[in-house]
Amino acid sequence: MSTASRLVSGAAISWIQIIVNVISQLALVPIMLSHWSVASYGIWLAVQSLITLMSVLDLGHHEYLTYEFMRIGTAKLSDLSKYLWSGMLFSFLISLSQVMVFAILWKINSWQWLFGDLNKDNALIEQGSILLLLYSVNWCLSFSLLGLIYRVLLPFGYYTRMAWWNLFTTTSLTIITITAIVLGANILVTGTTITVCSTSMSILVYVDLAKKLKKEGILFSSPSWHLGLNNFLNSLVIASKGVLENVRQQGVRLFLPKAVGVSGLATFSTIKTGSNLALQGLNTVIQPLMPELMRFLHQRDQARLEAAFGTVWVIVVGLMAPAIVILQFVVEPLYTLWTRGQVPFNPSLFALLTAGVLVFAVAQPAVAVVKGNNLLRPQLLISFCSAALIVIGVPLCLPIAGLIGVGVLLLAAELVAAFCYIAVAVKWLKKNALQWPSASFTVAVISVAIAIIANLMLVWLPAMKWITLMLSLALLLINSIRFWRRLPDIATQRVRSIYDGWRARKRLMANA
């Protein structure tokens, strides 16, 4: 299968995943708020954040091995096997230690301080604590070991197959969650049901992936404690970075219950969910493109590298920037309908959060260069700087500026991280006889700036919202044309091939 075909297939399934995720989010929030109290909803969100935060050690190990698998490639099967099974051993040990930590924390009843204004609701706190323990077990059985097998198959072009499995499990678990809530389940019963069903479905995935491992010649190899330990120790830098990234992305939620209560947490989390829909669109290209991008980097292929970067930025310039402006224009009544009026909307916070998404998106090629080459020290330093801004700034800003202050800090942290990643990527490319495509990057940044300014004007000057919308979309269109003209021929050919492939698949489905 060609690169373009893989991108088309990966993008297609990713868009289906987005549609399912959007429908799930649109359905889950009003259903939860109809059957649960806002306090229960806040606890549910806090549990998700804590699980994400506590899994960073395992995810750091996964991320490090992912790029090692891509570096080794498809030719050295014995090396892949050794890395995989040594990693599986340490992934199991990591997950087991996480389960033990949650069990101890539950036993000593140490979670009350997290839930702010719920200190008197011991029953709800107990449910949240047990739910954390259950989810840690589910992580071990359904995500940790399975995730490594999935990653070792990426160099062989199995991204789309893995994405289909992910779509199946996500859709099934969403239906199961909705059913449980509608039937009257509280957060603990709902979480228990999810854990049991997720583990059961993982067995099917294990069977399928085992067949693919055998087909590609990745056979069992006795784990090497030395290799596994060495990889684990190297991955600690990424895990540390992951902790800091989660502090920047998710950890801010841990400060909110004490300062603004779980209702404030619900407001922030729900608005952030809406802003993250834009990021999911970018991932339809980033995720299937990543194995190809790593191959171009290792081959020092400047032309194809620029084409890969351009593929990412054309999504930012041509789709994300105008879509985010339109979303800001129409979001408030849709949000009120979505949350059934129970979670207040803050347009300024939404504008700041979507601005952060755009900054994150435009920096993704630089992030890919740094991560793909396992440049560990820069990743850790960048994450430390941006996380320090959040940890120091949020407690100071919350009493003064509330959630708006948090939004400003999150945007500032994204800007700091983006600037640093780009600086490191430019330096690495130059050192390896490659160049950063400055011309197309500058045009992409202009589109991001136009969209951010337009969204802020939509909030601050509501009387001029139609003029702001039309003017900003016109400017974005002009800038998109400029961007297209600056792209190298190989990049425009790739975009056209992706588009043609998408149209061909659409016709095939229509005629089926």
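Every residue, even glycine, has its Cβ placed from backbone N, Cα and C.
Note that this is a predicted model, so its numbers are computed, not measured.
The following features are taken from TrEMBL:
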- 12-33: transmembrane segment (TRANSMEM)
- 39-62: transmembrane segment (TRANSMEM)
- 83-108: transmembrane segment (TRANSMEM)
- 128-150: transmembrane segment (TRANSMEM)
- 162-181: transmembrane segment (TRANSMEM)
- 187-207: transmembrane segment (TRANSMEM)
- 307-329: transmembrane segment (TRANSMEM)
- 349-368: transmembrane segment (TRANSMEM)
- 380-402: transmembrane segment (TRANSMEM)
- 408-429: transmembrane segment (TRANSMEM)
- 441-460: transmembrane segment (TRANSMEM)
- 466-484: transmembrane segment (TRANSMEM)
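Counting C-beta pairs under 8 angstroms (sequence separation of 6 or more), the transmembrane segment (441-460) fails to reach the transmembrane segment (408-429), with fewer than 3 such pairs.
Panel annotation: around the transmembrane segment (162-181), residues 10, 13-14, 16-17, 20-21, 24, 27-28, 31-32, 35-36, 150, 153-154, 189-190, 193-194, 197-198, 201-202, 205, 208, 287 of the same chain, lying at least six beyond its termini, place a Cβ under 8 Å from a Cβ of the stretch. Outside the transmembrane segment (187-207) by six or more residues, the chain places 36, 40, 43-44, 47, 124, 127-128, 130-131, 134-135, 137-138, 141-142, 146, 149, 165, 168-169, 172-173, 176-177, 180-181 with a CB less than 8 A from a CB of the stretch. Counting only same-chain residues 6+ beyond the ends of the transmembrane segment (83-108), those with a CB under 8 A from a CB of the stretch are 54-55, 57-58, 61-62, 65, 68-69, 72, 129-130, 132-133, 136-137, 139-140, 144-145, 147-149, 152, 218, 220-225, 227-229, 231-232. Ranking 307-329, 408-429, 466-484 by CB pairs under 8 A with the transmembrane segment (349-368) puts 408-429 at the top. Among residues of the same chain six or more beyond the transmembrane segment (408-429), those with a C-beta under 8 A of the stretch's C-beta atoms are 248, 252, 352-353, 355-356, 359-360, 362-363, 365-367, 369-370, 373, 375, 378, 381-383, 385-387, 389-390, 393-394, 397, 401, 435-436.
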